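**Q** Quick one: the structure is below, questions incoming.
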Amino acid sequence: MAKKSMIAKAARKPKFSVRGYTRCQICGRPHSVYRDFGICRVCLRKMANEGLIPGLKKASW
């Protein structure tokens with residue numbers, strides 16, 4: 001889980017637009033966030049395995 005201070009800091013508009021970054025909407029993780037879903041890879045995998053994301057399933061070949 002991300003620190004609450006870092007989540008609050010990321011929510012503010014940065015002085016320069018290039019300094020903005022995405023965070024996971026569920027856990028607040030700053031790295032490996034999928035833009036299409038707005039969540040990180042950890043939460044994406046967990047939710048996909050539980051069947052909470054429609055149209056997404058684990059690949060098997």
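Cβ coordinates come from backbone N, Cα and C, glycine included.
Pulled the feature table from Swiss-Prot, pasting it below:
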type    : residues           : note
BINDING : C24, C27, C40, C43 : Zn(2+) binding site
**Q** Out of C24, C27, C43, which of the binding-site residues has the smallest number of neighbouring Cβ atoms within 10 Å?
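**A** Counting other Cβ atoms within 10 Å of each of the binding-site residues C24, C27, C43 gives the minimum at C27.
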**Q** Have a look around C40 (Zn(2+) binding site) and count the other CB atoms within 10 A of its CB, chains all included.
**A** 22
**Q** Could you check what DSSP calls C40 (Zn(2+) binding site) once collapsed to helix, strand or coil?
**A** strand
**Q** Taking DSSP three-state, what's C27 (Zn(2+) binding site) in: helix, strand or coil?
**A** coil
